[in-house]
Amino acid sequence: MQYILKLKYYLYNITWKLVFICVMLVLLIVGIHKNIKWVCDYYSGPLSYIIVTGNRFFTTNDDINYIILKSGVLGTFITQDVNIIQKQIKQMPWIQKVSVRKQWPNTLKINLIEYIPIAYWNNEFISTTGVVFSVSECLYNEYSSFVRKMYQEIPILYGPTGKDQEVLNNYLRFSAILKSSNFQIKSVKTDTCYTWQLVLDNNVCLKLGCVNLIERLHYFIKVYPFLVKEMDEKNKYIDYVDLRYNSGCSVRWIHNMIDPVFHAINNVSKGSHDYD
(Lines of atoms letter the chains of each structure in order from A; the text may use other names.)
(Lines give C-alpha, C1' and ligand atoms only; values in the text may rest on other atoms or scores of the structure.)
Protein backbone atom coordinates (compact mmCIF):
# COMPACT_ATOMS: atom_id res chain seq x y z
CA MET A 1 0.00 0.00 0.00
CA GLN A 2 2.78 2.41 0.90
CA TYR A 3 4.58 1.53 -2.34
CA ILE A 4 1.49 2.34 -4.40
CA LEU A 5 1.14 5.74 -2.73
CA LYS A 6 4.77 6.62 -3.43
CA LEU A 7 4.36 5.59 -7.06
CA LYS A 8 1.26 7.77 -7.46
CA TYR A 9 3.07 10.70 -5.86
CA TYR A 10 6.03 10.22 -8.19
CA LEU A 11 3.79 10.03 -11.26
CA TYR A 12 1.94 13.11 -10.08
CA ASN A 13 5.18 15.10 -9.84
CA ILE A 14 6.34 13.87 -13.23
CA THR A 15 3.03 14.90 -14.80
CA TRP A 16 3.16 18.42 -13.43
CA LYS A 17 6.77 18.82 -14.49
CA LEU A 18 5.86 17.73 -18.00
CA VAL A 19 2.91 20.10 -18.02
CA PHE A 20 5.16 22.95 -16.83
CA ILE A 21 7.77 22.17 -19.46
CA CYS A 22 5.11 22.02 -22.18
CA VAL A 23 3.62 25.34 -21.08
CA MET A 24 7.06 26.97 -21.06
CA LEU A 25 7.82 25.56 -24.50
CA VAL A 26 4.54 26.93 -25.83
CA LEU A 27 5.22 30.35 -24.32
CA LEU A 28 8.75 30.29 -25.74
CA ILE A 29 7.50 29.38 -29.21
CA VAL A 30 4.84 32.09 -29.07
CA GLY A 31 7.41 34.65 -27.90
CA ILE A 32 9.88 33.69 -30.63
CA HIS A 33 7.11 33.87 -33.23
CA LYS A 34 6.04 37.31 -32.07
CA ASN A 35 9.64 38.55 -32.02
CA ILE A 36 10.29 37.18 -35.49
CA LYS A 37 7.09 38.81 -36.75
CA TRP A 38 8.08 42.11 -35.10
CA VAL A 39 11.58 41.99 -36.60
CA CYS A 40 10.18 41.11 -40.03
CA ASP A 41 7.64 43.93 -39.82
CA TYR A 42 10.36 46.31 -38.60
CA TYR A 43 12.73 45.45 -41.42
CA SER A 44 10.01 45.34 -44.05
CA GLY A 45 9.29 49.04 -43.60
CA PRO A 46 10.65 51.30 -46.36
CA LEU A 47 13.87 53.27 -45.99
CA SER A 48 12.45 56.64 -45.05
CA TYR A 49 15.48 58.70 -44.01
CA ILE A 50 18.48 59.80 -46.08
CA ILE A 51 21.64 61.21 -44.52
CA VAL A 52 24.22 62.79 -46.86
CA THR A 53 27.72 63.46 -45.49
CA GLY A 54 30.92 64.84 -46.98
CA ASN A 55 31.98 68.28 -48.21
CA ARG A 56 29.39 69.10 -50.84
CA PHE A 57 30.13 72.01 -53.15
CA PHE A 58 28.31 70.93 -56.31
CA THR A 59 25.89 68.19 -55.24
CA THR A 60 22.49 69.49 -54.18
CA ASN A 61 19.70 67.72 -52.33
CA ASP A 62 17.70 67.80 -55.55
CA ASP A 63 20.49 65.84 -57.26
CA ILE A 64 20.29 63.10 -54.63
CA ASN A 65 16.49 62.99 -54.73
CA TYR A 66 16.49 62.80 -58.52
CA ILE A 67 18.96 59.92 -58.59
CA ILE A 68 17.04 57.97 -55.95
CA LEU A 69 13.75 58.45 -57.81
CA LYS A 70 15.48 57.49 -61.05
CA SER A 71 16.66 54.28 -59.38
CA GLY A 72 13.09 53.40 -58.38
CA VAL A 73 11.12 53.53 -55.15
CA LEU A 74 13.30 52.89 -52.12
CA GLY A 75 13.00 49.36 -50.82
CA THR A 76 13.30 48.05 -47.30
CA PHE A 77 16.40 47.58 -45.18
CA ILE A 78 16.59 44.01 -46.47
CA THR A 79 15.58 44.44 -50.10
CA GLN A 80 17.23 47.71 -51.15
CA ASP A 81 20.31 47.27 -53.35
CA VAL A 82 22.62 50.17 -52.44
CA ASN A 83 24.96 49.40 -55.36
CA ILE A 84 22.36 50.72 -57.81
CA ILE A 85 22.18 54.10 -56.08
CA GLN A 86 25.95 54.23 -55.62
CA LYS A 87 26.52 53.58 -59.32
CA GLN A 88 24.06 56.30 -60.34
CA ILE A 89 25.65 58.90 -58.05
CA LYS A 90 29.16 58.01 -59.27
CA GLN A 91 28.07 58.94 -62.81
CA MET A 92 27.88 62.61 -61.84
CA PRO A 93 31.11 64.01 -63.37
CA TRP A 94 32.19 65.95 -60.28
CA ILE A 95 31.98 62.95 -57.93
CA GLN A 96 35.34 61.40 -57.06
CA LYS A 97 34.15 58.76 -54.59
CA VAL A 98 30.79 57.75 -53.13
CA SER A 99 29.77 55.29 -50.45
CA VAL A 100 26.15 54.23 -49.92
CA ARG A 101 25.12 51.99 -47.04
CA LYS A 102 22.05 51.14 -45.00
CA GLN A 103 21.78 52.00 -41.33
CA TRP A 104 19.35 50.03 -39.21
CA PRO A 105 16.44 50.28 -39.19
CA ASN A 106 15.27 52.66 -41.94
CA THR A 107 18.08 55.03 -42.95
CA LEU A 108 20.17 55.36 -46.09
CA LYS A 109 23.60 56.96 -45.53
CA ILE A 110 25.46 58.52 -48.47
CA ASN A 111 29.01 59.83 -48.16
CA LEU A 112 30.36 61.95 -51.02
CA ILE A 113 33.85 63.05 -52.01
CA GLU A 114 33.82 65.59 -54.82
CA TYR A 115 36.64 66.70 -57.07
CA ILE A 116 38.06 70.02 -55.86
CA PRO A 117 38.74 72.35 -58.79
CA ILE A 118 42.13 73.98 -58.91
CA ALA A 119 41.39 75.87 -62.14
CA TYR A 120 39.04 76.28 -65.07
CA TRP A 121 40.15 74.30 -68.10
CA ASN A 122 38.68 75.64 -71.34
CA ASN A 123 34.93 75.26 -70.62
CA GLU A 124 35.37 72.71 -67.86
CA PHE A 125 37.26 72.33 -64.60
CA ILE A 126 40.47 70.56 -63.69
CA SER A 127 40.86 69.12 -60.21
CA THR A 128 43.77 69.14 -57.79
CA THR A 129 44.44 65.57 -58.92
CA GLY A 130 44.52 66.55 -62.61
CA VAL A 131 41.08 65.20 -63.54
CA VAL A 132 39.02 67.23 -66.02
CA PHE A 133 35.33 67.37 -65.12
CA SER A 134 32.27 69.45 -65.92
CA VAL A 135 29.46 70.94 -63.87
CA SER A 136 26.01 71.78 -65.13
CA GLU A 137 25.54 75.53 -65.55
CA CYS A 138 22.12 75.36 -63.93
CA LEU A 139 23.79 74.35 -60.67
CA TYR A 140 25.50 77.71 -60.36
CA ASN A 141 22.38 79.25 -58.83
CA GLU A 142 22.56 76.66 -56.07
CA TYR A 143 26.15 77.36 -55.10
CA SER A 144 26.96 78.67 -51.67
CA SER A 145 28.74 81.98 -51.22
CA PHE A 146 31.89 79.99 -50.42
CA VAL A 147 31.77 78.25 -53.79
CA ARG A 148 31.08 81.50 -55.62
CA LYS A 149 34.13 83.01 -53.96
CA MET A 150 36.17 79.95 -54.87
CA TYR A 151 35.15 80.33 -58.52
CA GLN A 152 36.29 83.93 -58.54
CA GLU A 153 39.69 82.98 -57.16
CA ILE A 154 40.66 79.97 -59.24
CA PRO A 155 42.63 80.68 -62.44
CA ILE A 156 41.52 80.06 -65.99
CA LEU A 157 43.62 77.74 -68.14
CA TYR A 158 43.36 77.54 -71.92
CA GLY A 159 45.07 75.19 -74.31
CA PRO A 160 44.71 72.57 -77.05
CA THR A 161 42.52 69.59 -76.29
CA GLY A 162 44.42 66.83 -74.52
CA LYS A 163 47.10 69.15 -73.14
CA ASP A 164 45.41 69.75 -69.81
CA GLN A 165 48.14 68.04 -67.77
CA GLU A 166 50.94 70.00 -69.43
CA VAL A 167 49.14 73.31 -68.98
CA LEU A 168 48.34 72.48 -65.36
CA ASN A 169 51.95 71.52 -64.64
CA ASN A 170 53.24 74.75 -66.18
CA TYR A 171 50.67 76.76 -64.24
CA LEU A 172 51.95 75.21 -61.01
CA ARG A 173 55.56 75.96 -61.99
CA PHE A 174 54.79 79.55 -62.97
CA SER A 175 52.69 80.09 -59.86
CA ALA A 176 55.44 78.84 -57.54
CA ILE A 177 57.94 81.28 -59.08
CA LEU A 178 55.63 84.29 -59.07
CA LYS A 179 54.29 83.62 -55.60
CA SER A 180 57.69 84.46 -54.12
CA SER A 181 57.14 88.02 -55.36
CA ASN A 182 53.48 88.16 -54.28
CA PHE A 183 52.05 87.68 -57.75
CA GLN A 184 49.09 85.45 -58.46
CA ILE A 185 48.03 84.10 -61.83
CA LYS A 186 44.56 84.82 -63.18
CA SER A 187 44.93 82.93 -66.43
CA VAL A 188 47.36 80.82 -68.44
CA LYS A 189 46.99 80.39 -72.17
CA THR A 190 48.89 78.37 -74.74
CA ASP A 191 48.14 77.59 -78.37
CA THR A 192 49.01 74.89 -80.90
CA CYS A 193 52.44 76.49 -81.35
CA TYR A 194 52.95 76.30 -77.56
CA THR A 195 53.47 80.00 -77.06
CA TRP A 196 52.58 80.91 -73.50
CA GLN A 197 50.79 83.93 -72.12
CA LEU A 198 49.88 84.77 -68.51
CA VAL A 199 47.58 87.33 -66.92
CA LEU A 200 48.41 88.27 -63.34
CA ASP A 201 46.06 89.31 -60.56
CA ASN A 202 46.94 92.97 -61.25
CA ASN A 203 45.74 92.44 -64.87
CA VAL A 204 49.25 92.67 -66.30
CA CYS A 205 49.67 90.34 -69.26
CA LEU A 206 52.99 88.51 -69.71
CA LYS A 207 53.90 87.21 -73.16
CA LEU A 208 56.47 84.46 -72.60
CA GLY A 209 56.75 82.90 -76.05
CA CYS A 210 57.66 79.23 -76.36
CA VAL A 211 61.23 78.94 -75.01
CA ASN A 212 63.12 79.90 -71.86
CA LEU A 213 59.85 80.38 -70.00
CA ILE A 214 61.27 80.18 -66.50
CA GLU A 215 64.16 82.51 -67.26
CA ARG A 216 61.76 85.06 -68.70
CA LEU A 217 59.58 84.93 -65.62
CA HIS A 218 62.59 85.58 -63.42
CA TYR A 219 63.54 88.49 -65.65
CA PHE A 220 60.08 90.00 -65.28
CA ILE A 221 60.34 89.76 -61.49
CA LYS A 222 63.69 91.51 -61.70
CA VAL A 223 62.50 94.47 -63.78
CA TYR A 224 59.03 94.87 -62.30
CA PRO A 225 60.08 97.29 -59.51
CA PHE A 226 61.37 99.68 -62.19
CA LEU A 227 58.05 99.41 -64.01
CA VAL A 228 56.16 100.18 -60.82
CA LYS A 229 58.30 103.26 -60.28
CA GLU A 230 57.47 104.55 -63.74
CA MET A 231 53.78 103.82 -63.21
CA ASP A 232 53.79 105.90 -60.05
CA GLU A 233 55.77 108.76 -61.54
CA LYS A 234 53.88 109.06 -64.82
CA ASN A 235 50.45 107.75 -63.82
CA LYS A 236 50.53 104.99 -66.39
CA TYR A 237 49.27 101.43 -66.44
CA ILE A 238 50.80 98.29 -67.89
CA ASP A 239 48.78 96.54 -70.55
CA TYR A 240 51.30 93.80 -71.23
CA VAL A 241 54.97 92.96 -70.91
CA ASP A 242 56.46 91.21 -73.94
CA LEU A 243 59.28 88.94 -72.75
CA ARG A 244 59.88 87.12 -76.03
CA TYR A 245 63.03 89.05 -76.86
CA ASN A 246 66.45 87.45 -76.69
CA SER A 247 67.51 90.23 -74.33
CA GLY A 248 65.22 92.51 -72.40
CA CYS A 249 61.51 93.06 -72.91
CA SER A 250 59.03 95.62 -74.16
CA VAL A 251 56.11 97.12 -72.32
CA ARG A 252 52.84 98.41 -73.65
CA TRP A 253 51.73 101.28 -71.48
CA ILE A 254 48.22 102.66 -71.19
CA HIS A 255 47.56 106.23 -70.04
CA ASN A 256 44.35 106.44 -68.05
CA MET A 257 43.48 102.98 -69.32
CA ILE A 258 42.75 104.39 -72.80
CA ASP A 259 45.73 105.41 -74.91
CA PRO A 260 48.42 102.80 -75.61
CA VAL A 261 52.06 103.82 -75.48
CA PHE A 262 54.96 101.48 -76.13
CA HIS A 263 58.09 101.52 -74.04
CA ALA A 264 61.26 99.48 -74.47
CA ILE A 265 63.69 98.28 -71.84
CA ASN A 266 67.34 97.35 -72.12
CA ASN A 267 67.77 99.03 -75.50
CA VAL A 268 65.20 96.87 -77.26
CA SER A 269 63.55 98.90 -79.97
CA LYS A 270 59.80 98.98 -80.43
CA GLY A 271 59.88 97.43 -83.86
CA SER A 272 62.45 94.74 -83.10
CA HIS A 273 61.48 91.15 -83.90
CA ASP A 274 64.41 89.31 -82.29
CA TYR A 275 62.22 87.15 -80.06
CA ASP A 276 60.80 83.63 -79.84
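Each position is counted from 1, following the chain as shown.
Yeah, the Cβs are placed from backbone N, Cα and C, and that goes for glycine too.
Taken from Swiss-Prot, the feature domain 'POTRA' applies to 45-115, supported by sequence analysis.
The annotation topological domain 'Cytoplasmic' is assigned in Swiss-Prot to 1-11 on the grounds of sequence analysis.
If you look up Swiss-Prot, you'll see 33-276 marked as topological domain 'Periplasmic', on the strength of sequence analysis.
Under the heading transmembrane segment, Swiss-Prot lists 12-32, citing sequence analysis as support.
Residue counts for the domain 'POTRA' (45-115) by DSSP state, with H, G and I taken as helix and E and B as strand, are 19 helix, 24 strand, 28 coil. Residues belonging to the topological domain 'Periplasmic' (33-276) score a mean pLDDT of 83 in the model.
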